[in-house]
Amino acid sequence: MSNNKQTAAPAATSNEKAENGAEKEAIEKFVEVVRNTPELQGEMFFDGCIIAMTKDAFKGKYRVFYGNGLHTSIMFGAGTAALDLMTPGSFLPPFPQRLIKSREGSAPTMEATDPMMSRVIILMNGECLDVNSELINRPKTMGDDAISNLTDDLNNITPKEGEATVKEWDSLPGGELRYLSKANKPDETYMKDLIEKYFEKAICHNGKKVEDYVFFLVANPIAMVSLARKGFMSNVNMHNYESFENNIVIPADDDELYFGDHTFKVAVNNERLNTSSVANCNAYVRPFFHGCNGFYQGRNKRIYPESHDLYRRDYIKDYNTDYKSLCYSRKTENVMPVCDFISSTAATLVLQKFPLNYVIEHKFTTEDDDYKTKMAMSVKLDLIKEIAIKNRYRPNVFDDNFHVSQDRIYATKYQGHLERNTISPNALHTYKTGGKLGIAGELMEGEKMSQWVHTDIASKFTSMENFNKNGGDEAALCDDEEKELGFGKMYVTSRLSSVFDFKSIFNANRMTTQHELSSQLGDTDTKKEQKEKRSKQGGSKLFNYKIKSAFNPVFNSLKSPAQKILFNMCGDRTLFKSVMEDALFLLRDEIFLEDKLVMTHPAFAESENPNHCQYCKCSFNNGMAGVENKDFCFCYLILRTMCALSAREPTQFNITNLWDKTAFPSELPPTTTETFDYNFNMNVRTIERKNKCSAYGNAVLTDSERENGFADPNLKEENGSKKKLQSYMKEVKLEALIKAVLTAEPTLLHPDQRINMDKITEGDEFYHKLEANRFAKSMGYKQDFTMGSIGPDETPNGSYQLSSIKSIRDVLLKDSKSSVDYELNKFIVVPGKMTHTIKGTKKSDDGDSKTDGSGDMEDDFTSLAKMTNRKRKAGGKDGPSKKKKKDGADKSLEKLARAMLLDLLEISIPNSDASLSLEEQNQEIRKFWREKQIHPDYIFLFPNAEEKRKLTPETTKQLCQKFMKVVGICRDMIRPEPTSSENIRLKLVTTYMAGVRDYIKRLAEFLAKKLNYSSVEEMRGYAMSSIRMKNESVKKTQSSWMDPQSTSDPVQKMMERKITSAYATHRIESANTKVLPYTDSKLIPVCSEIPIPARMILCSVGETESDGCKRLGYNIEGYKRNEKDIKMAGEKQQPHSYLTPLEMKIKMDTFQKEAENIEKEKYVDGNKPETAAREEIFKQVREKEINCGVYIPWEIMAKDLCENAGYKDSDVLDPAVLAHILKRADVKFEKLGNGGFASALNCKTIAKLLAGYLDTMEDVNVTRPSLITNIFSDMDTICSMVNKIGMNMKSFFGSYDYATFDMATFNLKDTLLKMISQEPELGSVLHLLITMATIYGVNTSTNGKLFYKSYERDSQAAVVGIGGILNIFLGMDACKSSNAAREIKQAQRKINPMITTHMDYNMKRGGGIDRWSTLDTAKCQGMSRYLGCYSFSTYPGQQGSNDIYTKLKLSGGFFYNSIPAHICAQSKSHNTNKVTMCLKNSGVLYSSFKRGGRNVDIAELLNRGDLDDINNTILSTNGLAQKIAAYFLSSIGIEPKTNGFPDMGNMSKSMFVRKIVKIHFSEFAEEDGEIMVERKVLKHILGFVYPDDSVVEKPDMFMVYDPSAMDVDEDEDEDMDDESDDESDGEEMSGE
């Protein structure tokens, strides 16, 4: 894609050719769209303008969304905003053109000019844009005044005594910030004069006032520089440089700004604005011109001479007439005045757009420090104007007044050329269009536009629209403003991570090179000498230049973290405010600590007032209980946010620790170049679909013993094709093999326990929604409720999710006593199917034991009672009647009870889409009982009841059978220990492990077939001896784009511009290129040209209207009519060559580093003399034949085998040890599932080994393979669902049978050990898998906290399975080299995956963001972002080539000691894994956000039943707890009091809790549920009800019984509970 010639470039691969072809096609389509859309181009005759637009235009539907998504920030009615939001529309085209005067008698030419800057300056009445202040509750200490005071303190910084002189200080980056104005908005006098002179007559009509309009300033880069310079140089002649040391006055260009002669009126057609409801929506524009804009100075009477062929055209004649209206004159009265606010804001915007991260050594001297600072700022701005904007170098000016190295000047020219000439094709989607794809939306169709990154605003809008469409009840419950706010801040976590991480390149205010540092430290070696020195030392022939964040005394003089952040934002107070609001949004309701502790400021812990922040001049954290107006300072907010991002508890220890690491990131300047290894943390954007390389790079497998490798040995030579096929199959690329496995075997889940989210059936979707909507909050569920896969290269990997509900129903729908399937009618009428199919799992040859349900009712009931009281025999064969039915439809008690249980299952888990609520379903049940004249307690009372005569014998029998069996099964679900094979948890775990076993077997069979082995057994033999992986490391390369135009986030823009600056600096350093007078676009690498011809689309001016303004527009129709004539007349339309976004490569090493305790080994000619003993051991193992025929267990960590294999004192397993183990243990994958894999004799041994391993699962200091962690998490999730259902059933039947039956705590270990005793093979499979995962898996203990669990589990299963079955490791083939001696580490080699998750996944809470499929509507699914540490590396081209290439390289310390490291929840030891985390733009993202300070509907809040939501709302809303307390008291008939406590009489706290739970939280009406309600909600309420709220009593044990629904009095309810308990005991006795 580079334009420079490469004489020895390698031949392009087929993939590269395809990509280049796709890119060329995309460029052609982009140019075609621009050519066919005249509104995208137009004459931009001015350099800036001041616009007045009615406030009504900003009251559109998506006002909140655009205000946040485009990062509008206002203080005191003034600030900055995105041009995309503020532009009137087509008046400011994205591809502006300007007429250029030609020689006398010739027509002017049309050429491209700079567009307006992407940020505008809001001057007045911008309060209507400040949506965050309306929605995000801020304490006074975080208000606009506090931010203003913080900025004033930054302006007052001065160099310390002895640290630097004023001259040196001003030469440093940021030294000029102390001269920024303290003004928060323009002077009232300035705005009053401006409005009276240019706008008042136009806007004040038809009842309109000045207060009804927003005033803002728009300017192109050169005009913005002039605005900034004029404020700093107010006392200096703007036309000249002042006399310096040599007393020479050097003339400069006219840098003045002049207002035009007219105020124009333009139509507002920006689709983001509320133009539809505003009649005749217009904006009033006063243009201004830069002094160098000579064409519009009014010197020409006609721009087209009469002799020109086009003069006779009406189109041109009209423009000749309008020309004078467009001009300006250099009169004194037309000079544009500039106030301090405009100048300072313009300076910050310019410095953000063109960062100067290096020292500028001034040569002028003066005694006036204030004047010197002004000149220093002026020089920096002039440097930007001349080099970055105009791309010209004036040695006679620059060299005489200040010194900048030639390398830096070239880098600035390089960066400026990219900034001004790069065009983002996808930026069209957000310019003067609505949130939808808009005017160039067709560009996103298909795959053609996947070459470049899409805009974040389009991604956010698409996500929000999809949430509205597919979000269901959650979307309906969210009000529009909350929804828009959530999506507008969709990337808040990555943004804050960049700002608060002081190792981020965003915070690199000064960068230096290794060569510069060497010069500063007195190293006189030249670059050439340094290269030669490194070459002699055996290093790279090319000197590896690096970029480092250098010491900056200005930055380090700041102690407050808030000031440091403000400093790195170039003093932009409005941008700082928006970041602080992002932090408040991220924390939401968790700003204050739950225990209300007052924390001490880490910097002032030893002071007299440790809670007072001397930086922010307020309390550090005033979060005490009882303090009504809680507040905190900026330091606390920043540290509290860092705790949230790093998943740390906000304790005093953690906050102090973070302070020590971040408040003073670099106290001392560097003193040596030997440790010049600083890596920047960057947040770069990539496109996943464009990156063809997988995480496994170019690693290949080979079989050294087979002549043709993996080719089919039976392949016959036909037409010379044998050689080609043999060559292709000689080696197999690991990437292709893993992809094939992920496609053929996408998941290890059992078919009865999984749901395919890509091809979800109606029934599976029903189960999925039940589980997601009912249990996600109440269980703290960690499952991924995501519709659609996110696997790489469109494999189905990641699309299969575990379904607990489906798993449990599968167990209940199987009948171990029947050998045939049958259907059973449901007992209770609820939504869904009316019958259930019961699958008979009994072996057909055991048919004698089948039971008939037609025996004597008395005997059946007696048998059932025995089972209920745990005295029955397993299998339920006690009944005396064992008759058979010919049709096989067994009507035994087991089947009836299962049907009843299925009914109860749906009762306890109501469908969110069902027509009946939980209460309504319960009412339906009671209605059924009444219709049948059955008393609900009749089952227990009928021996003595008169109502027995009302029932038929059949009805009585069925009711008894169903109810008693349900009681038994419920008890089995919640009993403490797995006592029998009928235990539901045991069945679920057994089914899960059976799925794992079958997966490994299918995987082995697939690999054997794929690699052309005749059998799994044959493949196993070669795996033990000859299958190896070639390549010492596995690399992955990703493509990334630096495309600031495609993001509206100022932080992301600044970051990408600094990356580009560092890239340019590194390139010139490494290439040692001389500075060119004019930057040649061919020197810009990895950019393609986009030729866009200039179109003759001229302005048109209408007649003066009643408001005194002329209508300004574009003569598009005239241009279309005369386009042919313009071409025939020879009009020059030379295309301007724009550049595609700068593409960079990111190289990632996905091999895990070696452990430090493994010594280096010498390999000479492929031999290993010092490990001959170890090789002899393995040779003996391979030759030894084991004939036991079954699986032999071993110690999981295999320490004894490690020592025997030559690994002394090592806990590390590697593939060589696994080869030893698999051979010794006689692992035969082909025997899995056939009954011959494992022996029951080894059960105790395996159980003991696994028990020891399971005991380590609770140890947080022990790292475990991610695959094993996820498998255990899955099993625990399913069994926890059993507990939850058991609790619901206990609540349903509690009054009758469960008053004394306690809920058990599930123990996965006990269940697994029980499974091993019954299924020895499954225990062996788990044992084997743990060892394989220890070797080939990733030791990242995320526990589903951040990563996409389904994807991580199944992708790891594929890698672990392939590695273990083929026993792949770096064999001798990888160690052979042309070098006589080669040093290599032969230790464990783990293939680490690309961990993919979604952007802004709730890293703080470990889940909770719902996502829906966007594959049908979103066009940017391939978008990704990377958070990681990068360093620049350089390498030469092929031999004979002079080309030098540069890449970004992912460093070994991925996420090391940075905030992203804590986000990833990896310890220091884990960082060596170099796990690459790909943060995908979420298809749908919404985090519930409750605005502070608004009225809360208490009834609506309580009806949601979300305890976490209620808790957070109480914490975030002042006075709400007391209001809810009054609400609760009124609901139980007690009058609340405004002051003091209510009269509670004899009602204890436990009784109060019971009543409140019964009335308002009936779904939590069981013991555990009550405790949960009390802990999360009532703890805030009891303090307003009872005086002593220090200790809250634990509520008494009780069961919920609804007397009103059963038509029973409350007094009878108490008696009934007692009778039920007594009669239940009686039944147990009778059962015996």
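Easy rule for this one: first residue shown is 1, then count along the chain.
Backbone N, Cα and C define each Cβ position, glycine as well.
Residues annotated as region 'Disordered' in Swiss-Prot: 1-23 (among others).
Residues or ranges marked as compositional bias 'Polar residues' by Swiss-Prot: 1-15.
Under the heading topological domain 'Cytoplasmic', Swiss-Prot lists 1-63.
Summarising the annotation, Swiss-Prot assigns transmembrane segment to 64-86 and lists sequence analysis as the type of evidence.
Sequence annotations record features per position, and here Swiss-Prot assigns topological domain 'Extracellular' to 87-1632.
Per Swiss-Prot, N-linked glycosylation site is recorded for Asn149 (among others), and the stated evidence type is sequence analysis. Asn149 (N-linked glycosylation site) is surrounded by 15 other CB atoms, counting those within 10 A of its CB over all protein chains shown. Classification of Asn149 (N-linked glycosylation site) by DSSP places it within a helix.
Within 10 Å of the C-beta atom of Asn274 (N-linked glycosylation site) sit 19 other C-beta atoms, taking all shown protein chains into account. Marked as N-linked glycosylation site by Swiss-Prot: Asn274 (among others).
The region 'Disordered' feature in Swiss-Prot is assigned to 516-538 (among others).
In the three-state DSSP classification, Asn654 (N-linked glycosylation site) falls within a helix. Under the heading N-linked glycosylation site, Swiss-Prot lists Asn654 (among others).
Per Swiss-Prot, N-linked glycosylation site is recorded for Asn719 (among others), and the stated evidence type is sequence analysis.
Annotation source Swiss-Prot lists N-linked glycosylation site at Asn797 (among others).
The region 'Disordered' feature in Swiss-Prot is assigned to 838-890 (among others).
Under the heading compositional bias 'Basic and acidic residues', Swiss-Prot lists 842-853 (among others).
Positions annotated as compositional bias 'Basic and acidic residues' by Swiss-Prot: 875-890 (among others).
The C-beta environment of Asn1012 (N-linked glycosylation site), restricted to residues of the same chain at least 6 apart in sequence and closer than 8 Å, consists of Phe710, Ala711, Asp712, Pro713, Met729. Per Swiss-Prot, the feature N-linked glycosylation site maps to Asn1012 (among others).
Residues annotated as N-linked glycosylation site in Swiss-Prot, with sequence analysis given as evidence: Asn1031 (among others).
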Cβ under 8 Å, sequence separation of at least 6 from the ends of the transmembrane segment (64-86): give me the contacting residues as numbers and ranges.
51, 53, 92, 116-127, 129-133, 135, 144, 147-148, 184-186, 216, 218, 270, 272-273, 341, 345, 349, 430-432, 435, 456-457, 460-461, 464, 480-481, 484-485, 487-490, 572-575, 577-578, 581, 1048-1050
Among the glycosylation sites listed here (Asn149, Asn274, Asn654), which has the Cα closest to the Cα of Asn1546 (N-linked glycosylation site)?
Asn654
Rounded to a whole number, how many Å is the Cα of Asn149 (N-linked glycosylation site) away from the Cα of Asn654 (N-linked glycosylation site)?
28
I'm trying to understand the geometry here, so how far is the Cα atom of Asn654 (N-linked glycosylation site) from the Cα atom of Asn274 (N-linked glycosylation site), in Å to the nearest whole number?
47
Counting other Cβ atoms within 10 Å, pick out the least crowded of the glycosylation sites Asn654, Asn1546.
Asn1546
If H, G and I count as helix, E and B as strand, and all else as coil, what does DSSP give for Asn1546 (N-linked glycosylation site)?
coil
